[in-house]
Amino acid sequence: MAETHSHRNLYLAALVASFTAALFGYSVGFIGGILVLPSFLHHFGLDGLPAAQLASASSNIVSAWLVGALLGVPLGMPVCSRSGKRACLILSATLYVFGVALQLIDVQSLALFDIGRFINGLGVGAGTLVSPMYIAEIATPSTRGMLLSGYQTVLQFFALIGFWAAFSAHSAFPDSSSLQWQIPIALQLLPGVPLLLGALWIPESPRFLAESGLSNEAEDVLAWLRASTKEDMYVQDELREIQTIAEITGAAQARSRGFWSETRSRSVRKRLALGIGLMMAQNMVGLNALNYYAPKIFMSAGFTSVSSSLFLTGLFGAIKLISALSFMFVFVHMKGNRFWLRFGSLVCGITMLVLAVCVQRLPISPDQRGSTVSSLASVFTLGFSTSWPGSHSVSEEASNYNAYGIISVFMVYIFAFAFGLSLGPISWNVCSEIFPAHIKAKCCAITTCTQWLFQIVIAGVTPYLLAKVGWATYLVYAVCCLITLIWVHYFVPETQGVSLGRAMDELFGPVAGHDQTEAMVVVDESTALLQGSTGGHARRDSVGCV
């Protein structure tokens with residue numbers, strides 16, 4: 001209990017920062033359902049459009065958000081560097097809430113709705129940049145892995161809420177009521193407003209304060225985060241280390257010839273390659289393909305009613321949430337990142353291979369496959385795709401409880417669990433900790449932009465793959481899983497338990513031009529935290545897991 005009590009303020013601050021993942025999760029969880037609600041289609045005049053025009057309008061609504069998220073990353077980068085992580089969190093929440101307000105203005109203007117989605121996406125993009133950095137900077141080594149994994153947990157939890165919000169609104173309100181689509185959209189404020197209020201309350205990162213020459217403020221924040229006093233030996237040790245790193249970082253920035261010159265360093269290139277590779281792999285292994293096709297697989301398994309299909313699709317999301325929670329509280333402490341990345345890539349590859357064989361034998365007619373492919377919005381729902389009454393039909397050839405269909409259901413669930421233990425959380429965790437402090441914001445911006453860029457690419461490519469090659473789509477993703485497994489085995493180093501600063505430089509090599517800067521920090525984080533502290537809360541578990 002003493003350990004939990006000593007971290008109570010840290011947990012609260014990390015929870016507030018993790019609400020940017022809630023913005024992300026809810027947004028992708030509800031939009032697929034909204035785009036097929038009769039009330040939404042009628043309100044914006046989409047119900048009478050030909051199928052191709054309707055698909056284009058739906059795609060624009062989703063694409064506006066994704067493009068906004070992509071551009072939100074470079075928008076947030078200078079704010080993080082100049083005004084601080086807290087300021088960027090406030091910016092993220094403000095843009096998100098303002099975007100929601102524009103979506104709720106009842107003027108029957110789809111263009112205004114798209115603008116609201118774009119601004120909403122800007123907030124999400126800025127949030128995905130700043131939150132992992134903020135959490136990594138306020139955490140202790142012993143809590144960093146768990147708190148960063150909490151980001152993925154919050155994302156999946158609110159994605160689940162988003163799916164059921166759209167489903168419940170469809171069930172609760174008649175198709176003639178605007179409340180049917182307005183309430184799920186208004187519920188975006190559920191994560192947005194708490195993030196805005198919380199960001200105004202939580203402190204700035206002590207590392208940013210120290211780098212800004214505000215050592216007294218950094219000391220106050222550290223004492224608050226550790227639920228201790230400024231006289232605490234642990235607080236003083238950590239403050240001295242942060243001040244030393246801040247001085248060294250400032251010197252490195254003064255000597256720096258610019259970011260792109262820094263990337264000529266072999267050490268920086270290795271770190272960027274790792275971060276970019278992880279973000280690419282997170283998208284390339286095929287999660288969106290499963291998200292996209294899950295309802296059809298479930299219906300072909302013999303669960304032919306709409307309610308059964310939706311329930312199983314919702315269960316898919318629940319399993320991803322359970323997986324994220326399991327990694328956060330259990331598995332992150334059991335093995336290193338390399339183990340879980342290899343495990344996840346292998347299991348995901350096997351499930352994709354089996355899924356390809358099973359889907360090839362599922363009784364889905366070409367017309368049905370085309371109907372599924374035309375529903376572009378479901379690509380973006382992270383497994384919470386919707387299948388409202390009348391939107392899809394089940395093949396008359398499908399036999400109840402088709403064996404291949406049942407196996408396919410299990411493959412979908414196994415994939416979801418394995419992904420949640422590996423590429424899902426670890427990609428974000430690693431990118432938040434491996435970069436040198438003086439170029440961290442720019443490097444994280446590059447890796448986060450990679451994440452959003454490949455989401456756009458995969459979301460655009462997957463429907464056409466499903467339309468052209470059908471079941472062979474899963475073979476493509478199985479190959480991507482195999483490539484990821486080989487890449488992780490030979491090229492990805494172990495970062496678990498490696499503290500920020502000198503130890504990370506030893507792993508990747510010193511950054512050219514300041515071999516004696518961050519590498520000069522002799523006090524290892526985990527060693528410093530093992531030193532005695534007052535207040536009866538010694539950190540015996542300080543070798544952190546990330």
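Numbers here mean position along the shown chain, with the first residue as 1.
Yeah, the Cβs are placed from backbone N, Cα and C, and that goes for glycine too.
Copied from TrEMBL, the annotated features are:
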type     : residues : note
TRANSMEM : 12-41    : transmembrane segment
DOMAIN   : 13-496   : domain 'Major facilitator superfamily (MFS) profile'
TRANSMEM : 61-80    : transmembrane segment
TRANSMEM : 87-105   : transmembrane segment
TRANSMEM : 117-136  : transmembrane segment
TRANSMEM : 148-167  : transmembrane segment
TRANSMEM : 179-202  : transmembrane segment
TRANSMEM : 272-290  : transmembrane segment
TRANSMEM : 310-332  : transmembrane segment
TRANSMEM : 339-362  : transmembrane segment
TRANSMEM : 403-431  : transmembrane segment
TRANSMEM : 443-465  : transmembrane segment
TRANSMEM : 471-492  : transmembrane segment
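With a cut-off of 8 Å on Cβ pairs spaced 6 or more residues apart, the transmembrane segment (443-465) and the transmembrane segment (179-202) reach fewer than 3 such pairs and are scored as not touching. The stretches the transmembrane segment (310-332) and the transmembrane segment (117-136) do not meet in space: the count of Cβ pairs below 8 angstroms, excluding pairs fewer than 6 apart in sequence, stays at fewer than three. Same-chain residues lying 6+ beyond the ends of the transmembrane segment (87-105) with a Cβ under 8 Å from its Cβ atoms: 16-17, 19-20, 23, 68, 72, 75-76, 79-80, 112-113, 115-124, 126-127, 129-131, 134, 182, 185-186, 188-189, 192-193, 195-196, 199-200, 202. Residues 12-13, 15-17, 19-20, 22-23, 25-27, 30, 33-34, 37-40, 43, 86, 89-90, 92-94, 96-97, 100, 103-104, 106, 120, 123, 127, 158, 161-162, 165-166, 169-170, 172-173 of the same chain, all 6+ positions outside the transmembrane segment (179-202), place their C-beta atoms under 8 angstroms from a C-beta of that stretch. Nonlocal intrachain contacts for the transmembrane segment (12-41), taken as residues 6+ away from its ends with a CB within less than 8 angstroms of a stretch CB, comprise 47, 54, 58, 61-62, 65, 89, 92-93, 96, 120-121, 123-124, 127-128, 130-131, 134-135, 138-139, 147, 150-152, 154-163, 165-167, 169-170, 173-181, 184-185, 187-188, 190-192, 194-195, 198-199, 201-203, 225, 317, 375, 377-378, 380-382, 384-386, 388, 391.
Note on the transmembrane segment (471-492): residues 274, 277-278, 281, 284-286, 289, 337-338, 341-342, 345-346, 348-349, 352-353, 355-357, 359-360, 362, 423, 462, 465 of its chain, located 6 or more positions outside it, place their CB under 8 angstroms from a CB of the stretch. Panel annotation: around the transmembrane segment (272-290), residues 263, 316, 345, 348-349, 352, 355, 379-380, 382-383, 412, 415-416, 419, 423-424, 426-427, 430-431, 434-435, 443-444, 446-448, 450-451, 454-455, 457-459, 462, 465-466, 473-474, 476-478, 480-481, 484, 487, 491-493 of the same chain, lying at least six beyond its termini, place a Cβ under 8 Å from a Cβ of the stretch. Each residue in the domain 'Major facilitator superfamily (MFS) profile' (13-496) has a pLDDT score, and their mean in this model is 82. Sequence-distant contacts of the transmembrane segment (339-362) (same chain, six or more residues past either end, CB-CB distance under 8 Å): 281, 285-286, 290, 293, 296-297, 300, 327, 331, 398, 402, 404-405, 407-408, 411-412, 414-415, 418-419, 421-423, 426, 470-475, 477-478, 481-482, 484-485, 488-489, 492.
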